[in-house]
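Taken straight from TrEMBL:
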DOMAIN    107-186  domain 'Beta-ketoacyl-[acyl-carrier-protein] synthase III N-terminal'
ACT_SITE  Cys113  active site
DOMAIN    240-329  domain 'Beta-ketoacyl-[acyl-carrier-protein] synthase III C-terminal'
ACT_SITE  His256  active site
REGION    257-261  region 'ACP-binding'
ACT_SITE  Asn286  active site
Amino acid sequence: MRHSRILGIGHYVPPRVLTNHDLEALMDTSDEWIRQRTGIEERRVVEPGVPTSELAFQAAQNALAHAQVEAKDVDLIVVATLSPDYYFPGVGVLLQDRLGAREIPALDIRQQCSGFVYGLSIADQYIRTGTYERVLVVGAEVQSAGLDYTTRGRDLAVIFGDGAAAVVLGPSEEPGVISVHLHSQGKYFDMLWLEKPGSQSAPTITAHDLEEGRHFPHMEGQTVFKHATRRFAEAIHEVLSHNGTKVEDIDLFFFHQANLRIIDAISKMIGIPPEKSFNNLQRYGNTTAASIPLCMSEAVEQGRLQRGQLVCPVAFGSGFTWGSALIRW
Ligand code: UT7
(Lines of atoms letter the chains of each structure in order from A and count residues from 1; the text may use other names and numbers.)
(Lines give C-alpha, C1' and ligand atoms only; values in the text may rest on other atoms or scores of the structure.)
Protein backbone atom coordinates (compact mmCIF):
# COMPACT_ATOMS: atom_id res chain seq x y z
CA MET A 1 0.00 0.00 0.00
CA ARG A 2 1.39 3.37 -1.03
CA HIS A 3 1.05 6.29 1.38
CA SER A 4 2.34 9.85 1.49
CA ARG A 5 4.52 11.52 4.09
CA ILE A 6 5.95 14.95 4.72
CA LEU A 7 9.61 14.89 3.65
CA GLY A 8 10.47 18.43 4.70
CA ILE A 9 9.08 21.73 5.89
CA GLY A 10 10.11 25.40 5.89
CA HIS A 11 8.74 28.86 6.43
CA TYR A 12 9.43 32.48 5.74
CA VAL A 13 8.13 35.62 7.45
CA PRO A 14 9.01 39.16 6.43
CA PRO A 15 11.41 40.85 8.86
CA ARG A 16 9.22 43.92 9.56
CA VAL A 17 7.37 43.66 12.90
CA LEU A 18 4.10 45.53 13.51
CA THR A 19 3.31 45.54 17.22
CA ASN A 20 -0.01 46.23 18.91
CA HIS A 21 1.49 49.52 20.05
CA ASP A 22 2.30 50.43 16.43
CA LEU A 23 -1.38 49.84 15.61
CA GLU A 24 -2.45 52.15 18.45
CA ALA A 25 -0.87 54.99 16.44
CA LEU A 26 -2.94 54.11 13.35
CA MET A 27 -6.42 53.47 14.78
CA ASP A 28 -8.56 53.52 17.90
CA THR A 29 -7.35 50.28 19.48
CA SER A 30 -5.19 49.21 22.40
CA ASP A 31 -2.56 46.62 23.13
CA GLU A 32 -4.72 45.48 26.03
CA TRP A 33 -7.83 44.94 23.87
CA ILE A 34 -5.93 42.99 21.22
CA ARG A 35 -4.12 40.77 23.76
CA GLN A 36 -7.25 40.07 25.81
CA ARG A 37 -9.54 39.36 22.86
CA THR A 38 -7.10 37.47 20.63
CA GLY A 39 -3.77 36.72 22.34
CA ILE A 40 -1.88 38.50 19.55
CA GLU A 41 1.08 40.74 20.51
CA GLU A 42 2.65 41.46 17.14
CA ARG A 43 2.55 40.37 13.52
CA ARG A 44 4.85 40.54 10.50
CA VAL A 45 4.15 42.71 7.47
CA VAL A 46 5.93 43.03 4.13
CA GLU A 47 7.46 46.19 2.80
CA PRO A 48 4.90 47.67 0.37
CA GLY A 49 5.08 45.94 -3.00
CA VAL A 50 6.42 42.58 -1.81
CA PRO A 51 3.87 40.06 -3.16
CA THR A 52 2.60 36.71 -1.87
CA SER A 53 4.57 34.84 -4.54
CA GLU A 54 7.81 36.17 -3.03
CA LEU A 55 6.94 34.84 0.44
CA ALA A 56 5.79 31.56 -1.14
CA PHE A 57 9.11 31.30 -2.99
CA GLN A 58 11.21 31.84 0.14
CA ALA A 59 9.18 29.32 2.15
CA ALA A 60 9.24 26.77 -0.70
CA GLN A 61 13.01 27.03 -1.00
CA ASN A 62 13.39 26.42 2.74
CA ALA A 63 11.06 23.41 2.60
CA LEU A 64 12.86 21.93 -0.44
CA ALA A 65 16.24 22.33 1.30
CA HIS A 66 14.88 20.67 4.46
CA ALA A 67 13.44 17.80 2.39
CA GLN A 68 16.64 17.58 0.33
CA VAL A 69 14.55 17.75 -2.82
CA GLU A 70 15.52 19.88 -5.81
CA ALA A 71 12.96 22.14 -7.48
CA LYS A 72 13.41 20.25 -10.76
CA ASP A 73 12.16 17.08 -9.05
CA VAL A 74 8.84 18.58 -7.93
CA ASP A 75 5.87 17.08 -9.86
CA LEU A 76 3.01 19.27 -8.60
CA ILE A 77 2.68 22.65 -6.87
CA VAL A 78 -0.35 23.48 -4.71
CA VAL A 79 -0.57 27.03 -3.37
CA ALA A 80 -3.20 27.91 -0.79
CA THR A 81 -3.79 31.65 -0.51
CA LEU A 82 -6.54 34.25 -0.16
CA SER A 83 -4.17 37.05 -1.13
CA PRO A 84 -2.81 36.21 -4.59
CA ASP A 85 -0.54 38.62 -6.47
CA TYR A 86 -3.22 38.96 -9.17
CA TYR A 87 -6.91 38.13 -9.60
CA PHE A 88 -5.51 35.76 -12.26
CA PRO A 89 -3.27 33.90 -12.96
CA GLY A 90 -2.64 32.29 -9.61
CA VAL A 91 0.43 32.24 -7.40
CA GLY A 92 1.12 28.58 -8.31
CA VAL A 93 2.34 29.39 -11.82
CA LEU A 94 4.39 32.35 -10.56
CA LEU A 95 6.04 30.00 -8.08
CA GLN A 96 6.67 27.39 -10.78
CA ASP A 97 8.59 30.02 -12.71
CA ARG A 98 10.47 31.47 -9.69
CA LEU A 99 11.59 28.01 -8.58
CA GLY A 100 12.74 27.04 -12.06
CA ALA A 101 10.57 23.93 -11.82
CA ARG A 102 9.73 21.82 -14.87
CA GLU A 103 6.49 22.53 -16.79
CA ILE A 104 4.49 20.81 -14.05
CA PRO A 105 0.90 21.46 -12.97
CA ALA A 106 0.43 24.33 -10.53
CA LEU A 107 -2.81 24.76 -8.59
CA ASP A 108 -4.13 27.65 -6.53
CA ILE A 109 -6.75 26.65 -3.99
CA ARG A 110 -9.23 28.96 -2.29
CA GLN A 111 -10.10 27.61 1.13
CA GLN A 112 -8.64 30.45 3.19
CA CYS A 113 -7.74 29.36 6.73
CA SER A 114 -8.43 25.70 5.85
CA GLY A 115 -6.27 25.95 2.72
CA PHE A 116 -3.32 24.03 4.10
CA VAL A 117 -5.41 21.05 5.23
CA TYR A 118 -7.17 20.98 1.84
CA GLY A 119 -3.78 21.20 0.08
CA LEU A 120 -2.43 18.36 2.18
CA SER A 121 -5.36 16.21 1.08
CA ILE A 122 -4.76 16.97 -2.61
CA ALA A 123 -1.06 16.11 -2.31
CA ASP A 124 -1.88 12.92 -0.41
CA GLN A 125 -4.36 11.74 -3.06
CA TYR A 126 -1.97 12.36 -5.97
CA ILE A 127 0.83 10.52 -4.20
CA ARG A 128 -1.30 7.59 -2.99
CA THR A 129 -2.54 6.95 -6.54
CA GLY A 130 1.02 6.94 -7.83
CA THR A 131 0.39 9.93 -10.10
CA TYR A 132 3.16 12.06 -8.58
CA GLU A 133 6.30 11.46 -6.50
CA ARG A 134 7.04 14.91 -5.10
CA VAL A 135 4.37 17.49 -4.26
CA LEU A 136 5.02 20.98 -2.89
CA VAL A 137 2.20 22.44 -0.79
CA VAL A 138 2.51 26.11 0.16
CA GLY A 139 0.37 28.37 2.33
CA ALA A 140 1.28 32.02 1.73
CA GLU A 141 -0.35 35.34 2.52
CA VAL A 142 0.27 39.04 2.17
CA GLN A 143 -2.69 40.32 4.13
CA SER A 144 -1.25 43.73 4.95
CA ALA A 145 -1.69 45.04 1.40
CA GLY A 146 -5.46 44.55 1.63
CA LEU A 147 -6.35 45.63 5.16
CA ASP A 148 -7.97 48.83 6.35
CA TYR A 149 -5.51 50.19 8.93
CA THR A 150 -8.00 52.77 10.20
CA THR A 151 -10.56 52.51 13.01
CA ARG A 152 -13.15 51.38 10.42
CA GLY A 153 -11.17 48.19 9.73
CA ARG A 154 -9.74 47.61 13.21
CA ASP A 155 -11.51 44.32 13.91
CA LEU A 156 -9.62 42.59 11.08
CA ALA A 157 -6.51 44.76 10.75
CA VAL A 158 -5.31 43.80 14.22
CA ILE A 159 -5.76 40.06 13.60
CA PHE A 160 -4.11 39.31 10.28
CA GLY A 161 -0.40 39.03 9.50
CA ASP A 162 1.83 38.17 6.55
CA GLY A 163 3.81 34.94 6.24
CA ALA A 164 4.35 31.71 4.34
CA ALA A 165 5.18 28.08 5.01
CA ALA A 166 5.56 25.02 2.82
CA VAL A 167 5.88 21.25 2.95
CA VAL A 168 7.22 18.71 0.47
CA LEU A 169 5.42 15.37 0.34
CA GLY A 170 6.58 12.11 -1.17
CA PRO A 171 5.64 8.41 -1.19
CA SER A 172 6.13 6.14 1.79
CA GLU A 173 5.46 2.51 2.72
CA GLU A 174 4.30 3.53 6.19
CA PRO A 175 1.49 6.09 6.48
CA GLY A 176 2.65 9.65 7.11
CA VAL A 177 -0.59 11.38 6.19
CA ILE A 178 -2.97 8.93 7.85
CA SER A 179 -6.30 10.61 7.12
CA VAL A 180 -7.71 14.00 6.14
CA HIS A 181 -11.30 15.16 6.72
CA LEU A 182 -12.68 18.17 4.86
CA HIS A 183 -15.92 20.16 5.05
CA SER A 184 -17.62 23.29 3.76
CA GLN A 185 -20.83 25.26 4.32
CA GLY A 186 -21.20 28.00 1.71
CA LYS A 187 -24.37 29.31 3.32
CA TYR A 188 -22.13 31.48 5.51
CA PHE A 189 -19.93 32.80 2.69
CA ASP A 190 -20.51 36.43 3.67
CA MET A 191 -19.66 36.05 7.35
CA LEU A 192 -15.96 36.42 6.47
CA TRP A 193 -15.36 37.63 2.95
CA LEU A 194 -13.90 40.09 0.52
CA GLU A 195 -16.74 41.33 -1.63
CA LYS A 196 -14.99 43.41 -4.30
CA PRO A 197 -13.71 43.12 -6.93
CA GLY A 198 -15.89 40.22 -8.04
CA SER A 199 -17.83 39.02 -11.07
CA GLN A 200 -21.20 39.41 -9.33
CA SER A 201 -21.14 43.01 -10.50
CA ALA A 202 -20.04 44.79 -13.65
CA PRO A 203 -17.72 46.56 -13.49
CA THR A 204 -16.16 44.33 -10.85
CA ILE A 205 -15.42 47.36 -8.66
CA THR A 206 -16.46 51.02 -8.73
CA ALA A 207 -15.23 54.23 -7.17
CA HIS A 208 -18.28 54.05 -4.88
CA ASP A 209 -17.25 50.55 -3.71
CA LEU A 210 -13.81 51.92 -2.86
CA GLU A 211 -15.34 54.80 -0.90
CA GLU A 212 -17.44 52.31 1.07
CA GLY A 213 -14.43 50.10 1.73
CA ARG A 214 -15.89 47.04 -0.02
CA HIS A 215 -12.41 46.13 -1.21
CA PHE A 216 -11.48 45.40 2.41
CA PRO A 217 -12.36 42.09 4.07
CA HIS A 218 -15.40 41.98 6.33
CA MET A 219 -16.13 39.63 9.22
CA GLU A 220 -19.06 39.07 11.55
CA GLY A 221 -16.63 38.30 14.36
CA GLN A 222 -18.95 36.79 16.95
CA THR A 223 -20.77 34.57 14.42
CA VAL A 224 -17.46 33.30 13.06
CA PHE A 225 -16.19 32.75 16.61
CA LYS A 226 -19.25 30.65 17.47
CA HIS A 227 -19.06 28.50 14.35
CA ALA A 228 -15.28 28.14 14.63
CA THR A 229 -15.50 26.78 18.17
CA ARG A 230 -18.14 24.23 17.18
CA ARG A 231 -16.45 23.11 13.94
CA PHE A 232 -12.94 22.87 15.42
CA ALA A 233 -14.32 20.54 18.09
CA GLU A 234 -16.26 18.45 15.54
CA ALA A 235 -13.22 18.17 13.28
CA ILE A 236 -11.06 16.90 16.14
CA HIS A 237 -13.69 14.37 17.21
CA GLU A 238 -14.02 13.22 13.59
CA VAL A 239 -10.33 12.56 13.01
CA LEU A 240 -9.87 10.88 16.40
CA SER A 241 -12.89 8.59 16.06
CA HIS A 242 -12.09 7.74 12.40
CA ASN A 243 -8.68 6.47 13.48
CA GLY A 244 -9.67 5.02 16.87
CA THR A 245 -7.25 7.42 18.59
CA LYS A 246 -7.60 9.45 21.77
CA VAL A 247 -6.28 12.85 22.80
CA GLU A 248 -3.62 11.03 24.88
CA ASP A 249 -2.27 9.36 21.70
CA ILE A 250 -1.63 12.71 19.99
CA ASP A 251 1.75 14.35 20.60
CA LEU A 252 0.84 17.79 19.25
CA PHE A 253 -2.25 19.59 17.98
CA PHE A 254 -1.76 22.32 15.39
CA PHE A 255 -4.74 24.66 15.49
CA HIS A 256 -5.27 27.25 12.81
CA GLN A 257 -4.11 30.39 14.64
CA ALA A 258 -7.30 32.45 14.64
CA ASN A 259 -7.70 33.41 18.28
CA LEU A 260 -6.14 32.09 21.50
CA ARG A 261 -9.57 32.28 23.17
CA ILE A 262 -10.96 29.83 20.59
CA ILE A 263 -7.99 27.48 21.05
CA ASP A 264 -8.31 27.64 24.86
CA ALA A 265 -12.07 27.02 24.75
CA ILE A 266 -11.74 23.95 22.51
CA SER A 267 -8.78 22.62 24.48
CA LYS A 268 -10.83 22.80 27.70
CA MET A 269 -13.87 21.26 25.97
CA ILE A 270 -11.92 18.31 24.57
CA GLY A 271 -9.34 17.95 27.34
CA ILE A 272 -6.21 18.94 25.41
CA PRO A 273 -3.50 20.01 27.88
CA PRO A 274 -1.66 23.26 26.96
CA GLU A 275 1.64 21.44 26.32
CA LYS A 276 -0.07 19.46 23.53
CA SER A 277 -0.77 22.42 21.30
CA PHE A 278 1.82 24.58 19.56
CA ASN A 279 0.77 28.20 19.09
CA ASN A 280 2.62 31.20 17.68
CA LEU A 281 -0.17 33.69 16.90
CA GLN A 282 1.25 35.84 19.72
CA ARG A 283 4.09 36.72 17.29
CA TYR A 284 2.46 36.31 13.88
CA GLY A 285 -1.27 36.88 14.25
CA ASN A 286 -3.54 35.00 11.87
CA THR A 287 -1.61 34.16 8.70
CA THR A 288 -4.57 32.24 7.22
CA ALA A 289 -3.32 29.49 4.85
CA ALA A 290 0.20 29.76 6.28
CA SER A 291 -0.76 29.48 9.94
CA ILE A 292 -0.71 25.68 10.48
CA PRO A 293 2.49 24.91 8.51
CA LEU A 294 4.13 27.98 10.12
CA CYS A 295 3.46 26.42 13.52
CA MET A 296 4.70 23.02 12.35
CA SER A 297 7.87 24.47 10.87
CA GLU A 298 8.72 26.38 14.06
CA ALA A 299 7.92 23.29 16.13
CA VAL A 300 10.45 21.34 14.02
CA GLU A 301 13.05 24.11 14.41
CA GLN A 302 12.56 24.13 18.19
CA GLY A 303 12.74 20.33 18.45
CA ARG A 304 9.14 20.15 19.71
CA LEU A 305 8.03 18.20 16.62
CA GLN A 306 10.09 15.11 15.97
CA ARG A 307 10.02 12.19 13.57
CA GLY A 308 7.60 9.45 14.60
CA GLN A 309 5.27 11.73 16.55
CA LEU A 310 1.54 11.71 15.93
CA VAL A 311 0.11 15.15 15.15
CA CYS A 312 -3.30 16.63 14.41
CA PRO A 313 -3.68 19.82 12.34
CA VAL A 314 -7.16 21.35 12.55
CA ALA A 315 -8.55 24.37 10.70
CA PHE A 316 -11.62 26.54 10.28
CA GLY A 317 -12.16 29.63 8.18
CA SER A 318 -13.94 31.65 5.56
CA GLY A 319 -16.33 29.74 3.34
CA PHE A 320 -17.09 28.38 5.84
CA THR A 321 -14.50 25.63 5.36
CA TRP A 322 -12.98 23.38 7.99
CA GLY A 323 -11.02 20.18 8.32
CA SER A 324 -8.60 18.04 10.26
CA ALA A 325 -5.86 15.50 9.63
CA LEU A 326 -3.84 12.86 11.41
CA ILE A 327 -0.16 12.72 10.50
CA ARG A 328 2.70 10.48 11.62
CA TRP A 329 5.55 12.99 11.38
O1 UT7 B 1 -9.42 32.82 10.73
C2 UT7 B 1 -10.74 32.44 10.45
C3 UT7 B 1 -11.51 32.28 11.64
N4 UT7 B 1 -11.57 33.54 12.36
C5 UT7 B 1 -12.02 33.54 13.58
O6 UT7 B 1 -12.30 32.49 14.10
C7 UT7 B 1 -12.19 34.86 14.29
C8 UT7 B 1 -13.39 34.79 15.17
N9 UT7 B 1 -13.72 36.04 15.84
C10 UT7 B 1 -12.91 36.60 16.76
O11 UT7 B 1 -11.82 36.16 17.00
C12 UT7 B 1 -13.47 37.77 17.55
O13 UT7 B 1 -14.84 37.94 17.23
C14 UT7 B 1 -12.72 39.11 17.36
C15 UT7 B 1 -11.34 39.02 17.97
C16 UT7 B 1 -12.63 39.46 15.90
C17 UT7 B 1 -13.47 40.25 18.06
O18 UT7 B 1 -13.59 39.96 19.43
P19 UT7 B 1 -15.03 40.05 20.14
O20 UT7 B 1 -14.78 39.75 21.56
O21 UT7 B 1 -15.97 39.16 19.39
O22 UT7 B 1 -15.38 41.56 19.97
P23 UT7 B 1 -16.66 42.21 19.26
O24 UT7 B 1 -16.59 42.08 17.79
O25 UT7 B 1 -17.90 41.74 19.97
O26 UT7 B 1 -16.45 43.73 19.64
C27 UT7 B 1 -16.48 44.19 20.99
C28 UT7 B 1 -16.16 45.66 21.01
C29 UT7 B 1 -16.99 46.47 20.01
O30 UT7 B 1 -17.27 47.72 20.61
P31 UT7 B 1 -18.70 48.01 21.32
O32 UT7 B 1 -19.72 47.79 20.22
O33 UT7 B 1 -18.80 46.99 22.41
O34 UT7 B 1 -18.56 49.42 21.76
C35 UT7 B 1 -16.04 46.66 18.86
O36 UT7 B 1 -16.33 47.81 18.13
O37 UT7 B 1 -14.79 45.87 20.63
C38 UT7 B 1 -14.72 46.82 19.57
N39 UT7 B 1 -13.57 46.47 18.74
C40 UT7 B 1 -12.33 46.91 19.04
N41 UT7 B 1 -11.86 47.68 20.02
C42 UT7 B 1 -10.54 47.95 20.03
C43 UT7 B 1 -13.51 45.71 17.63
N44 UT7 B 1 -12.25 45.64 17.18
C45 UT7 B 1 -11.49 46.38 18.04
C46 UT7 B 1 -10.12 46.70 18.11
N47 UT7 B 1 -9.69 47.46 19.13
N48 UT7 B 1 -9.24 46.23 17.20
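Including glycine, each Cβ sits where the backbone N, Cα and C put it.
For the pair Asn286 (active site) and His256 (active site), the Cα-Cα distance reads 8 Å. For the pair formed by Cys113 (active site) and His256 (active site), distance between Cα atoms is given as 7 Å, rounded to the nearest Å. For the region 'ACP-binding' (257-261), the residues of the chain that approach it from at least six positions outside its boundaries are 37-40, 113, 159, 225, 228, 279-282, 284-287, 291-292, 294-295, 316-317, judged by C-beta separation under 8 angstroms.
Mapped onto three states, the DSSP output places Cys113 (active site) in helix. Within the set of active-site residues (Cys113, His256, Asn286), the lowest number of other Cβ atoms found within 10 Å of a Cβ is recorded at Asn286. Taken residue by residue with DSSP, His256 (active site) is part of neither helix nor strand, so it is coil. Break the domain 'Beta-ketoacyl-[acyl-carrier-protein] synthase III C-terminal' (240-329) down by DSSP state and the numbers are 39 helix, 22 strand, 29 coil. Residue counts for the domain 'Beta-ketoacyl-[acyl-carrier-protein] synthase III N-terminal' (107-186) under DSSP, split into helix (H, G, I), strand (E, B) and coil, are 28 helix, 29 strand, 23 coil.
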